[in-house]
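J.: Handing you this structure, nothing more for now.
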Amino acid sequence: MSSRRREWLVCATIFVLTAIEFLQLSMVAFGAGPIMGEVSITPEDFSLIAAVYASVAILVISMQRWWVTHLGGRLFIQCATAVSLLGAALCATSHDFSSFLLGRFVMALGGGVLFTSARMIIHNRLAGPKRFYGIKSLAYALALSIAAGPWLAAQMVSADTWSAIFWLLVVLDVVAFVLASFSLDNSLRGYEQGRSDWNPWQQVLLAGGSFGLLYSLQRFYYDFYGDALFVIGVLAAALLALIVYARHQRRHRQPLLHLGAMLHARYIAGIALFLFGYLMLGANNYVIPVMLQRTLGYSWATVGDFEAVGALAAAVTFTVVSKLLPRHPAPRKFWITGFVALGLFGIMLARFDPSANPWLHVLPALACYNIFLLTVLPIAAMQTFRQMENDETLFSNAQQVKNMLAQAGIALGISAATLGQQWRATVHYNVLNAQVTPDNPIYQATIHHIQDALSASVGPAQAGQIAVARVAQMLGQQAALLANIDHFTLIAVLAALGIVVTLMQRVFK
């Protein structure tokens, strides 16, 4: 096989591995409601499954380098895609909580490492200018998957074929398996034997601590007041487990993850930026569909169209960024552009009028959000790991830690948004409900208007009951909308802080 053809296959492998990760992320998040209905699980159960997926993914990402040096890159990707395929098939054929949990568990075992592996293929298989083509393949896969995921999920949900979400992932796993078989080799098998090792009990601490952290944060939403001591106890135990794990990795002679060598200003600052980006990704992946579908009442198909068209800005953005980078590599201008776009996204949705045309008001906001993602995250990826590129094991470990934090960041973003929306909606509902009194002329006028409209068809008594119920529904909708506005106002404030920090920092020149 010619070197040019092999390089093309390597880039195609990178593209498909990245697409699997971000398609499953966006499709499962967007289609969560219909999936819950089809497999008869509650939101609480779905949150538990999400915590299991994230904690298992964190565990397998932590061992990615170890497996590659013991199996070889090609065999490792073949095994990972085969396991991911099995998990996706189990999810597609699931019918209850247990079967769907098993499917997501198996998906995480295989699919959790695919994005990390895609990034390491760039480092190991592409050198010099060719490496930038690999980075472009990864970035375009990320951008197009974020765009296509909600739209594909919306089409599948609208056609009552939710399982097609997972059958599509099965097909992509097969494609990745075939591409890896032709484009990769097992040259890393046996590389630097003895430099890294793992302790099963330490890995139990990592998995248990990750799950405990995510689970306890979700319990704050569902049952904090009912069992506060238990929730706080689980949270404290989880944090202790993660601290013990990190301390062991830092001090051990042959750690699985060489944390001690990573602790310098560039890497820590870059990881903080990544974590912020993934928190935004998780939080907004939850709030945007909630606002458009539940609060404003748009159909799944319409919301999918909004998100897909808005997310196409991500692909356009990276095309522009990739043209500018070789001539103007300094990161500050890209990050300021990204945070300005994030601020505009927050401002536009915080000032959104429900009666306005969503194609003229929601769509530009979503485009700005995707501009933020594709200016901040790729540039951070290029800047954060520069001091480690000559040490392959350390570079791989740094990527693993970043992607472990990405799994946690997305899950924590969803949890924070869920808790924040519940808190703010409750506050606003209480304020609005206090105005619903018999002596309030607006309340009385609304009740009479609804009664007059319905009394001819259902009778005066039933019309009065429906009117009261309708007012209660309107209060809930208004409270939810105000909570959404609070969320996007906070996003705008955080974007402004991001601009200030970017201008003041001296780590990245």
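In case you wondered, yes, glycine gets a Cβ from its N, Cα and C as well.
Got these off TrEMBL a minute ago, pasting:
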TRANSMEM  47-68  transmembrane segment
TRANSMEM  101-121  transmembrane segment
TRANSMEM  133-152  transmembrane segment
TRANSMEM  164-184  transmembrane segment
TRANSMEM  228-246  transmembrane segment
TRANSMEM  267-288  transmembrane segment
TRANSMEM  308-325  transmembrane segment
TRANSMEM  334-352  transmembrane segment
TRANSMEM  358-380  transmembrane segment
TRANSMEM  488-508  transmembrane segment
J.: Using a cut-off of under 8 Å between C-beta atoms, tell me which stretch among 101-121, 133-152, 488-508 contacts the transmembrane segment (47-68) the most.
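T.: Going through each listed stretch, the top one turns out to be 101-121.
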J.: Is the transmembrane segment (488-508) packed against any residues at least 6 beyond its ends, judged by a Cβ distance under 8 Å, and which are they?
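T.: Distant contacts of the transmembrane segment (488-508): 265-266, 269-270, 276, 280, 284, 287, 331-332, 335-336, 339-340, 342-343, 345-347, 349-350, 372, 383, 420.
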J.: Six or more residues out from either end of the transmembrane segment (228-246), which same-chain residues have a Cβ under 8 Å from its Cβ atoms?
T.: 202, 205-206, 208-213, 215-217, 219-220, 259
J.: Please check if the transmembrane segment (308-325) comes into contact with the transmembrane segment (133-152), where contact means 3 or more CB pairs closer than 8 Å and the residues in each pair are separated by 6 or more positions.
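T.: The transmembrane segment (133-152) and the transmembrane segment (308-325): touching, yes.
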